[in-house]
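According to TrEMBL, the protein carries these features:
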| type | residues | note |
| --- | --- | --- |
| BINDING | Asn9, Glu380 | Mg(2+) binding site |
| BINDING | Lys16, His207, Leu208, Gly209, Asn210, Gly211, Asp281, Asn282, Arg283, Gly329, Ile330, Gly331, Glu332, Asn333 | ATP binding site |
| BINDING | Arg90 | substrate binding site |
| ACT_SITE | Asp147 | active site, proton donor/acceptor |
| SITE | His179 | site 'Transition state stabilizer' |
| SITE | Arg240 | site 'Transition state stabilizer' |
Amino acid sequence: MSAPVLVINSGSSSIKYQLVDGETMEASATGLIERIGLSDSVLTHRHAGEKAVREDRFADYGEGLEAMVAAFEEHGTPLADAGLIAVAHRVVHGGERFVQPVVVDDEVERAIDGLSALAPLHNPANLEGIRTARKLFPKLPQVAVFDTAFHATVPERAHLYAVPSEWREEHGVRRYGFHGTSHAYVSRRAAELLGKSPKEVNVIVAHLGNGASVTAVERGRSIDTSMGLTPLEGLVMGTRSGDIDPAIVFHMHRQTGASFADLDAALNKRSGMLALSGHGDNREIEKAAAAGDRAAQVALEIYCYRIRKYIGSYIAALGGADAIAFTAGIGENSAEVRARALSSLVALGVDLDEAANAAGGPVISTPQSPITVMVIPTNEEGEIASQTAALLRS
Ligand code: ADP
């Protein structure tokens with residue numbers, strides 16, 4: 001490995017990690033530490049085709065990351081001998097300030113903390129991972145890579161909301177967008193598959209995982225994206241509503257007396273596909289729909305219709321697209337969702353090849369299709385490692 005980077009993605013009770021080469025973007029080891037702070041924590045470490053599982057109690061992030069260091073010592077190369085150039089951290093919200101990756105110091109830590117109001121579920125956990133890793137690897141640069149950064153190029157016409165000026169000027173209310181490392185990587189790969197430079201093509205990326213967003217990428221730059229101030233806006237997701245009339249919130253508050261915290265949780269955790277079908281996981285929904293479950297069928301219809309509307313509007317926003325790329329768990333694996341999301345788009349230049357779609361691509365449109373449709377596996381950790389290596393080289 002010529003530029004090994006330890007990539008850390010800290011969630012509220014879990015940490016995902018990968019040892020990735022920042023030049024080839026390939027991972028040599030990956031792991032997941034779950035249920036941190038509970039009595040039945042689990043660490044799963046994968047290296048060279050082998051899987052090692054350790055069940056233990058990791059009281060906090062420090063104990064979790066120490067268990068990760070031990071896993072590297074027991075399986076393959078110890079981290080101390082891996083020649084690490086940096087530890088890189090995924091940080092969800094970079095606000096208006098962080099539009100590039102940055103080496104973390106105390107001041108950057110404070111700034112990430114200051115952005116927690118915009119991402120209360122994510123930034124505090126990301127920061128906890130950074131603080132712990134700085135103690136554990138004091139000699140290595142710690143780099144923060146932001147989910148919002150790729151969307152810093154979205155112009156005012158798409159990032160400003162028509163709301164009172166003090167909301168925008170004093171409280172940071174605007175569209176930020178998320179999944180930036182995925183949209184950046186996949187749009188670049190789409191250009192590569194077309195045999196063009198990213199600067200020569202317009203690409204629409206549909207990142208469809210538990211969270212989901214669509215981005216319009218014009219000549220390598222994000223110009224619009226479906227998530228907004230927070231990851232709640234846009235597509236219907238596993239447990240998030242996506243776009244709704246904001247007045248629904250006031251209506252439900254008046255009707256039921258529910259607090260804003262309750263309404264926030266309802267729209268983020270109890271809505272979306274879970275609310276429509278009883279399942280948050282797409283595989284279960286597709287299975288139920290195939291077995292004749294009407295709620296699951298309607299949920300899939302709504303899910304795919306929302307994607308179709310965004311794709312159509314982004315073809316208009318871009319003034320024409322060269323490619324549409326599907327990625328993440330659902331985008332990479334569900335031929336049914338891709339086919340239904342693209343149905344009736346022939347007039348807009350999308351001619352799907354059903355057999356190629358069923359086979360999974362990478363190209364799933366006919367040779368005559370004006371817009372090339374692709375399936376591209378995302379590589380967020382690879383992109384984070386690559387951006388980290390580029391930052392340290394500069
Ligand atoms: P996250 O946003 O948590 O990273 P993923 O990108 O892993 O999520 O996507 C998870 C979603 O992908 C789940 O809804 C899951 O059901 C769906 N998924 C994974 N594999 C398949 C498959 N083979 N067919 C259909 N859906 C799938």
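Cβ coordinates come from backbone N, Cα and C, glycine included.
Note that TrEMBL annotation is computational and uncurated.
The distance from the Cα of Leu208 (ATP binding site) to the Cα of Glu380 (Mg(2+) binding site) comes to 14 Å. Separating the Cα atoms of Asp147 (active site, proton donor/acceptor) and Asp281 (ATP binding site) is a whole-number distance of 23 Å. Whole-number maximum of the Cα to Cα distances across the ATP-binding residues Lys16, His207, Leu208, Gly209, Asn210, Gly211, Asp281, Asn282, Arg283, Gly329, Ile330, Gly331, Glu332, Asn333: 23 angstrom.
Taking His179, Leu208, Arg240, Glu332 as the candidate recorded positions, the subset whose CB lies under 6 angstroms from any atom of ligand 1 is empty.
If you measure from the Cα atom of Glu332 (ATP binding site) to that of Arg240 (site 'Transition state stabilizer'), you get 20 Å.
Each of the binding-site residues Asn9, Asn210 was scored by the number of other CB atoms within 10 Å of its CB, and the largest score is that of Asn9.
DSSP gives Ile330 (ATP binding site) a helix state. Around Arg240 (site 'Transition state stabilizer'), a 10 Å sphere centred on its CB holds 26 further CB atoms from the protein chains shown. Only Arg240, of the recorded positions Asn9, Arg90, His179, Arg240, Glu380, have a C-alpha within 10 angstroms of the C-alpha of Asn210 (ATP binding site).
Among the binding-site residues Asn9, Asp281, Ile330, the ones whose Cα is located within 10 Å of the Cα of the residue listed as 'substrate binding site' are Asn9.
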